[in-house]
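Structure below; questions to follow.
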């Protein structure tokens, strides 16, 4: 596990964008796993800027999003489908048929989950999976629990996640209580993983992720088992980690 600490959110986002662009340069038809929320927004903005400068081409790229709320249509401004197109896809040259996002309005959630897994498998798997992390250590919508979902499945959102996401909704009651999410095995099968974290509210989660201890109580800690994972975080999120308290398998690189 490689941990890169940048001075601030902007530098973190720029480095993440460069890493993702390098994956596309390496393989034009890369299969990318993408995340939503506030943390990757800066990365998407930088990638749009790079696209406008002819520095990256998305025409052959295929994407798979981590998750989607149950019960929200694609047109709902709070859906992740809307987020991705509004903040990223509408501004680059990706082919719409190469965009894959779970359908939150499906009539058969079990079938949707099975078919989403098949889409990923038939594409040859994900080359680079981008992740954020929740304050409680969740990734995707894989919440802390005694047992975690292995494959794409419908999950119940924790109270903490509902509260954290309520800032995007009219009030907490409007936040969906369930979502379709890639499972931990789905995520860990990705060839490369990039995890992003920013801000003081992520310090405990990051510390637990890189400590060496693996627990389903901190889903992100399972990422330590992956052979090729990079964490790009800002110094606020890195406040509680040092060479003395991270796993021996971690390589810490401070960029400021």
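Glycine residues also receive a Cβ, built from the backbone N, Cα and C atoms like all the rest.
The domain 'Glucosamine/galactosamine-6-phosphate isomerase' feature in TrEMBL is assigned to 10-226. Taken from TrEMBL, the feature active site, proton acceptor applies to 67, 138. What TrEMBL records for 136, 143 is active site, for ring-opening step.
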Which one of these active-site residues, 67, 143, has the sparsest Cβ neighbourhood, judged by other Cβ atoms within 10 angstroms?
67
Note the mean pLDDT of the domain 'Glucosamine/galactosamine-6-phosphate isomerase' (10-226), expressed as a whole number.
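PLDDT averaged over the stretch: 96.
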For residue 143 (active site, for ring-opening step) and residue 136 (active site, for ring-opening step), determine the Cα separation and express it in whole Å.
8
Cα-Cα, whole number of Å: residue 138 (active site, proton acceptor) versus residue 67 (active site, proton acceptor)?
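Cα-Cα distance, residue 138 (active site, proton acceptor) to residue 67 (active site, proton acceptor): 12 Å.
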With every protein chain in view, how many other Cβ atoms are within 10 Å of the Cβ of residue 138 (active site, proton acceptor)?
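Taking every protein chain into account, the count is 25.
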Which whole-number value in Å describes the distance between the Cα atoms of residue 67 (active site, proton acceptor) and residue 136 (active site, for ring-opening step)?
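For residue 67 (active site, proton acceptor) versus residue 136 (active site, for ring-opening step), the Cα atoms are 17 Å apart.
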I want to check the contact list for residue 136 (active site, for ring-opening step): same chain, sequence separation of six or more, C-beta distance under 8 angstroms. What comes out?
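Residue 136 (active site, for ring-opening step) has long-range Cβ partners 143, 144, 158, 160, 161, 205, 218.
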